[in-house]
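As recorded in Swiss-Prot:
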TRANSIT   1-21  transit peptide
DOMAIN    85-209  domain 'HotDog ACOT-type 1'
MOD_RES   Lys102  N6-acetyllysine
DOMAIN    289-401  domain 'HotDog ACOT-type 2'
Amino acid sequence: MKRAAIRLWTLNKGLLTHGRGLSQGSQYKISEPLHIHQVRDKLREIVGVSTVWRDHVKAMEERKLLHSFLPKSQKVLPPRKMRDSYIEVLLPLGTDPELRDKYVTVQNTVRFGRILEDLDSLGVLVCYMHNHNHSTKMSPLSIVTVLVDKIDMCKHSLSPEQDIKFTGHVSWVGNTSMEVKMKMFQLHNDEKYWPVLDATFVMVARDSENKGPAFVNPLIPENKEEEELFKQGELNKSRRIAFSTSSLLKVAPSSEERNIIHELFLTTLDPKTISFQSRILPPKAVWMEDTKLKSLDICHPQERNVFNRIFGGFLMRKAYELAWATACSFGGSRPYVVTVDDIMFQKPVEVGSLLFLSSQVCFTQDNYIQVRVHSEVSSLDSREHMTTNVFHFTFMSEKEVPLIFPKTYGESMLYLDGQRHFKSMSTPVTLKKDYPVEP
């Protein structure tokens, strides 16, 4: 068994060599970016999985042999720098018509759902580069996305005919978790790459069988800029803990929030009846229950990740597309995505599962639409449904949208939760209309 494991850990000749060609500065530089197709290829190479579904069981059995190579403590692992995990990836939409067809919409815009898939794959590869052992090929770690903390759109001018570039690196490290900062740029007519979005993902390392936690290499900042990034990672962790502690699933709304719900309730009472039971909808308003859209997908092997679970990027794409359709149907015009935040991957989705998505508008303000998507799965053999994800998307419409009114206490909690996510959004941006981002 051990000999077989050593055979699997042969010297690596084909993997990325991180740290080479980087120069310290406000942004790291590399000699040659990866093509977007190489990202998944590198992940398969690092994990050592088969590209053929029928061989997946054998490939996973081989990974069991790597369990003995996991470190017993983080102290035995060499510290890494942010430059060690830095990667640039090119999405050549301008020069590859076949690839462009995968990303273009009927309105000649870019499918943001595809961008979410690319960000998820890039985040995992960045973490493998942080933990890469130069003398080995296959990694004993199983690195998975646990949280999409925030994706902020800083420019909404994505053209399907101009190249896109992604960059990413590890910005904070705990014992078994890592925060990844990623940016996206697009080439413009001035031959310069302009920023499009900033993304923060949280990844966790697990053992070779993806059954328990595993230690990751510590991170050492090299300068003040990196120290600030690392401190921000600590603050993000504290913020997430505080947000979870104050969840409406755990504690009652604040007094201010209770007043908001009561005012909404009073606004919907019929003045003719003077009764708590008679409800009417105010002008230019919509009941929350009337904004729902649902979808069902069968999770085929084609959508699996390198660990033979359903690819997290696929789940995000399907959720986003349903959310966009919900916002479009509600607002009456094509919406623009502004922010994606707080996507927690609570449970893995197995191949063969039935994926149920339910989307609804839960909060609106002026031109903004806050959409929540609930994801749950069931197996073909069981009727039991389990929640896997809750997605939060903030959209902006070209025109002012109707107000949302809840009817029940449960819907009132969804309203307050949506309001909280909306308020956590960065400063509202002015959206450009030349190439809006669509699914």
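Even glycines carry a Cβ here, placed using N, Cα and C.
Residue counts for the domain 'HotDog ACOT-type 1' (85-209) under DSSP, split into helix (H, G, I), strand (E, B) and coil, are 27 helix, 56 strand, 42 coil. Residue counts for the domain 'HotDog ACOT-type 2' (289-401) under DSSP, split into helix (H, G, I), strand (E, B) and coil, are 26 helix, 54 strand, 33 coil. If you average pLDDT over the domain 'HotDog ACOT-type 1' (85-209) in this model, you get 92.
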